[in-house]
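Pulled from TrEMBL:
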type	residues	note
DOMAIN	B:15-295	domain 'Protein kinase'
BINDING	B:VAL21, B:GLY22, B:GLU23, B:GLY24, B:THR25, B:TYR26, B:ALA27, B:VAL28, B:VAL29, B:LYS44, B:LYS45	ATP binding site
ACT_SITE	B:ASP137	active site, proton acceptor
REGION	B:324-354	region 'Disordered'
COMPBIAS	B:326-340	compositional bias 'Polar residues'
Amino acid sequence: MSLDSKPISSDKKPLYEASTQFINWRYSVEQLARIRASLNEAAVSAIRHTFESDEPGSSSNVLFLNSVEEQLLVKLYITKITQLCALFRFPEEVEATAVTYLKRFYLKNTVMDWHPKNVMLTALFLATKTTNNPISLETYTTHIPKTVASDILDLEFLVAQSLGFEFAVWHAHRALWGIWLDIQNLPDNSSSVSPDIYDSALKHVRASRLTDAELIYTPSQIAFAAMALAAPELASAWSHLKIAPKDSELLFPSFQDLTDAIKALIISDGQPPNIESVREVDRRLRLCKNPEKVPGTKAYLAKKAEEEKKAEGRRNKKAAISQQAMTDGDPFGNDLSKAQSALVDYDDDDDDD
Amino acid sequence: MDAVEKANTERQQRWVKDQKVGEGTYAVVYRGREASTGRKVAIKKIKVGQFKDGLDMSAIREVKYLRELRHQNVIELLDVFSSKTNLNLVLEFLESELEVIIKDRNLVFLPADIKSWMAMMFRGLEFCHRNFVLHRDLKPNNLLIASDGQLKIADFGLARDFADPGYKMTCQVITRWYRPPELLYGSRYYSSAVDIWSVGCIFAELMLRIPYLPGESDMDQLKTIFRALGTPTEDDWPGHTKLPDYVPVGSFPKTPLRDLFTAASADALNLLNKCFIYEPRKRISARDALHHPYFFALPYPTHPSKLPKCTTQLSARPLEEMDGNVQMNSTGPGVKANNNRLKRKLSSPLDEGKGRSIARRLDFTKISPGT
């Protein structure tokens, strides 16, 4: 399915451009840096506040993570997805989707609030379902050490919300497969295309998953860059066939720049992170993670108590409303204005299950 | 509160639930509205807490595809939010469904009305297929009708992407009466042609006003099909005797559609015939159907706003699709309802029972294409 490799001269909008990925999940390099920096900043100040209200002065010695360090940790857990997918023998689609989910999650959250270990496990489990490769949660957790069902289920809504419930992902490896099918049909080199070329290009696509490429470029752009790394001449022959001559003059300089940028990104960022430096980050994370999210701590208990208090308040209010309805109301229901206010009580909707 | 949770709460507050209009084992449907505009919506609340594997597959499929698909003839998913252990889908509010209209004996259908519904059905389906989505559960009660008369394909709980060539899919899909013979014969490699067969059945039902091929069991379904359309020969459908669940069910002659569809135009019957071609690769595509002479001949399709409308408002849409998709021990369509009429219900506990274990076996042994 070479969805992305449609000739650009077509006047219909490509299907990809109607996707949630195209509309909601593309960024510039600068935007990515800005989003991550501001998430990091907000988390640091909130956690610092929690520390201080627990014990004044206690945050001054804490060395919080910066956004680059956060990314390093996320990258490590991307490599864990690959390992788990090999263990379960999941198809490539599952792996690629889980990696995308993990990256998108950390464009809405920080590792100081949510440790990537559990988020990764939940993202992968969710990806098995969204790609139509479901396995039971029991099978899943029994094959992963020190993991129970609630580790996954507790975060499933949070992950799904962070993804905006947009589960469909367009992948570079699919685009590469399309390009590869096309290349085998190129005139002049029918017999000479070695399957090694595809394998080599696929390795580059896989390396690109460790980078921000998919948040910046389209799947077909990444796939083309991977093919250009593996077999520059074939890639260029293919692109000349795909891009009509009249467009090529207009497009080629920027097309070349784009491809070069992706190639450079894959080469520079496409390796697993250095384990020692990640270990250091993780060690520090233990000291600076949000105590409100760590069961048992004072801050956690305080937050739970506060939530419970709020919920009780709502329950009391609701009880009072129904009490009033019994005493002063028409037995067939209150007047409309009162009924309306009860309808906007959002806790209501969960009482009927 | 986390930014993500906060965003979710804000989404939740955009919508107001007014009245429960239907309830199933796993979901409740409310009529509601958008708080700021008063626009009517339907809110489908799925109780996720009951599933031991978290978000269930039919909810995930529905959200995944409806998030991506925007088309006049596909139901619009306006929003998704969670509340405690529930998932809420905010869908555009649709007044009626085709099944109710078909059954309403007060309504008279003109050939132009049927043509209009068929055009809208094929447009919506062509859009799904163009986006590489198989619906896999087309039937009159999954075709909803908006107040302006537009037909909308709904319930994507069984939908999936086209598989790559060589990848198996489950054959336990599509409600039996609308299920094509290749699925009844256990084919695990199939295409958009399965949806076209369903559309053919619906086309026939619009003309007859009763289900065209109401089999009482999977075996009887094949017999019912062959009695109506003739037993396929090796010429009609090369290789069908090699399908996994092939069984000879007797030899029936082909009777011309004209004998049953006495009032239909030649174009209509020609299109209907093309939806019922046994060889799936030769069955007409949604795209070609839209270019069929039927749609260009007189009478032209009725304007959607002028189509026959239900005399009674749809009050409680049954949630059988939820039950059918997720229940482990669902009883299936062979069961007779109290009034001794067959119920339209998905027959197979898809993916949860047999289907799922098969799917798992597949996934774990398959290697990626090209390697």
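Each residue, glycine too, has its Cβ placed from N, Cα and C.
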Between the two most distant Cα atoms of the ATP-binding residues B:VAL21, B:GLY22, B:GLU23, B:GLY24, B:THR25, B:TYR26, B:ALA27, B:VAL28, B:VAL29, B:LYS44, B:LYS45, the distance in Å is 14
Given the binding-site residues B:VAL21, B:ALA27, B:VAL29, the candidate whose Cβ has the fewest other Cβ atoms within 10 Å is B:VAL21
If you average the pLDDT over the domain 'Protein kinase' (B:15-295), what number do you get?
-> 94
Measuring Cα to Cα, how many angstrom lie between B:GLU23 (ATP binding site) and the residue listed as 'active site, proton acceptor'?
-> 20
B:VAL21, B:THR25, B:ALA27, B:VAL29, B:ASP137: the recorded positions whose Cβ falls under 8 Å from a chain A Cβ | none
Looking only at DSSP and grouping its letters into three states, which state does the residue listed as 'active site, proton acceptor' belong to?
-> coil
If you count other Cβ atoms within 10 Å of each one's Cβ, which of the recorded positions B:GLU23, B:ASP137 has the most?
-> B:ASP137
